Every structure is written in C-alpha cells, then in structure tokens.
C-alpha cells in the first residue's frame, strides 16, 4: 500500500468530480490505545519505538513480529499505521452514514502480533470492532486476489462476524483460505472461502459473486451489492496529474489477458438458495456443505473415470433440491 497509489486514487476522485457526491474526511491518527483493541500491546509499542537508525536494537522483535523483506521498516512507519487505522473510520459516527470508503485501507493480512504482506495494522478488524458497537453482526467480503487471512483469523471463533473471501488459491500467497476452513467454536460455518483459479473473466466472476452476495446469511441482505455488480460504468478518464501513468490507452478498464479461464463452471450455481445461518442455525451445516459440494462440481478438475457416476448423482441431486 504505497502512499503514491493513495494519491493517485484521490486525484482521480477529484477529477471525476466524485468529491461533489460525498463528504471527504481527513483521517485522524489512531492512538496506540485504539490500535490495541485488537493488536497486542508489545506489537504496537514496537512500532512506536522502531526507527531506521535503531533497527539493530530490535532484531529479536523484528523476527518475532515478521518485520523484514515483506514488511520493511521505513521512515514514518508508526505514523503510517496510525493513519491507515484512523482512515478505517474509527472516528466516524457509524449511525449517521451508510457507506464509508477508505482508499488507504484494506490491510487484511495483519495479525494480532504479526505483520504480513505489507500489512502492519489491520484497519479492517479495527473497523469491524467499531461497527459491532452499533450492529449485532457484520459481514466482511474480501474480493482481493489474496485470501483475507488476517480478518478471518481475528473472528475465527465468533458468530458475530461472517467472513467471505473470493481469492486465488494454490501455490499463492498467503496460502490460506482452503474451502474446508470454516472457522471453529461459535464461529464454525461463519467463514466461507470461494477458491478461484487463473484466468477468471468478468462474466465468470459475476456468476459466482452475485448469487453469494444476494444470499441471506445475515438478517438482511447487504445493501448496494446488487447495484455494484450490475451497474458499474466507467466514463472516459479526465485529465489528471497522473494521466501519463495510464498510457497508452488512458483508460481505467484493464484489457483481459489471453490466459485460459480455468474457472469454467456449470449454470446450476444461479439456482442455489442459501439460508440465513443466523436466524436458522440448524440449516447452517447444510448451507456450507452444499456450497462445498457445488464448488467441487462447478470447477472442472481432472478426476478418475470411476467417479463420474458419483459426480453426476450429486449434481442431479442438488438440481432437484435447489433448481
């Protein structure tokens, strides 16, 4: 999360005129006390103390907290942590806003006492903890190419937060987020992971994301997700300070690659109805187990011929129930 990228995003927002459609807040710096609502005291104290010129004094702590090549020490590190955590809308009054966007946030790999993937302080976890002051339950949806492991781990044993992650899986960082990872204890079945392969295109992603986002796992549907999937449009890019960075076509839309889509799936997903796991806890196991089976049949994998008959039976059985 380079500050340069944040400036580019903000500059685009201003030149598109989107600032006239929203209220923009300068983030307050989160205090150490606020950050330790999730992170350990020693971990935050370490960031307050570490500097480029005293790194040799903290060699043991750096190893313990996974500070190094992937998560380096740089000038102003603690201030960066304060701003990213503050930009997670910790200071906003959640009862007075419907949508909050932080283009300096999303540091979803940070753990309680461990940095990872250039994520030091987990602004998402801190924001969810703030939301839980006003709401009984929170749904977290991760659409990054990497698994949202830090957020999933933070709420692994609670049913107050459901984490749903769409991510590339396999020999890919961070290597977590298996389909069988469904959390534990009170949080069992409140972690959902949808595994993706290389070559996913817009149409395939929509057919996967849209049905999941429209389910009633929580007591009410997630506002705005249906609109987000169907009605996104990008106007011609206005001239801005970073205009040359978007050459040679000067468009926000990324041209699809010629990579083969390894996510070829069946149509049956669109007919799947998942139950509200909170209001009908007895159906939770059925919901997630069904999603597990569907994932196996949605994505074509090389299997022995003798399992073809079993696969066909499962597919026909689910069709009878859900379609």
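Numbers run from 1 along the shown chain.
Including glycine, each Cβ sits where the backbone N, Cα and C put it.
Just so you know, TrEMBL annotations never went through curation; they're auto-generated.
Given the structure is predicted, the values throughout are model-derived calculations rather than measurements.
Using a 10 Å Cβ-Cβ cutoff, residue 109 (active site, proton acceptor) registers 27 neighbours. Annotated active site, proton acceptor per TrEMBL: 109, in sequence order.
Neighbour count (other Cβ atoms within 10 Å of the Cβ, all protein chains): 20 for residue 146 (divalent metal cation binding site). Residues annotated as divalent metal cation binding site in TrEMBL: 144, 146.
Marked as domain 'Histone deacetylase' by TrEMBL: 1-212.
Spacing of residue 109 (active site, proton acceptor) relative to residue 146 (divalent metal cation binding site) is 9 Å (Cα to Cα, whole number).
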